[in-house]
Amino acid sequence: MSASADQIQECFSIFDKDNDGKVSVEDIGACLRSLGKSPTMADIEALKTEIGAKEFDINTLKSIYKKPNIKTPQEQQKEMLDAFKALDKEGHGTIQGAELRQLLTTLGDYLSTAEVDELFKEISVDSTTGAVSYASLVNTIVSGYPLGGF
C-alpha cells in the first residue's frame, strides 16, 4: 500500500511543528514509519547522511518515500521469514534460542544484548527444547516492537 500525496503532505505537516516548511532530520524515521514504511536504523542513518542538513522539506520526503530500498512492514516480514526458513533445514518453523541470540547480536542491523533480552521477554521460548517459533518472532518484531528501528 502506498501513501497518497495528500497523506505525505499531512504527515509532513504534523512533523513541521513551527510551520516553516522544514522538518528536523531526526524525524525522518518517524515520518516514514507513519507513512507505512519500516526503515532500519542503518536506513535512517544513510538517509540523514544523504539529506546532509539538519532539516528537510516536503519534496525531500516525497523523494525518500519513493525509494524502493525502504521496505514496508509486509516486505520486511517476508524477507525475515525467508531468511529464517533458509536456516531451518528440518522445516520445523523454529530456531534455538541460543542461536537466535547469537544471530541478533552479530549480524546485519544487529541488536545490543539488552535489546535481545527485552525481545526475549516478549516472545515464547519452549521451556523443554529452547526453541523459538520464528513466525511468532517475526510477527512480534514487525508488529511494532521497538527494536533498533523496527
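Each Cβ is built from the backbone N, Cα and C atoms, and glycine gets one as well.
Here the structure is a predicted model, which means the values were calculated and not measured.
Feature annotations, courtesy of Swiss-Prot:
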BINDING   Asp16, Asp18, Asp20, Lys22, Asp27  Ca(2+) binding site
DOMAIN    3-38  domain 'EF-hand 1'
DOMAIN    75-110  domain 'EF-hand 2'
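Remark: Asp16 (Ca(2+) binding site) has Lys22, Val23 as non-local neighbours, by Cβ distance under 8 Å and separation of at least 6 in sequence. DSSP gives Asp18 (Ca(2+) binding site) a coil state; it is part of no helix or strand. Within 8 Å of the centroid of the Cβ atoms of Asp16, Asp18, Asp20, Lys22, Asp27, where the record puts Ca(2+), the same chain has further Cβ atoms from Phe15, Lys17, Asn19, Gly21, Val23, Ser24, Glu55. Long-range C-beta contacts of Asp20 (Ca(2+) binding site), restricted to its own chain and to partners at least six residues apart, with a cutoff below 8 Å, are absent. Residue density at Asp18 (Ca(2+) binding site): 7 other Cβ atoms are found within 10 A of its Cβ, drawing on all protein chains shown. Contacts of Asp27 (Ca(2+) binding site) defined by a Cβ separation under 8 A and a same-chain sequence distance of 6+ are given as Phe15, in order along the sequence.
Secondary structure at Asp27 (Ca(2+) binding site), as computed by DSSP, is helix.
Summed and averaged per residue, pLDDT over the domain 'EF-hand 2' (75-110) gives 89.
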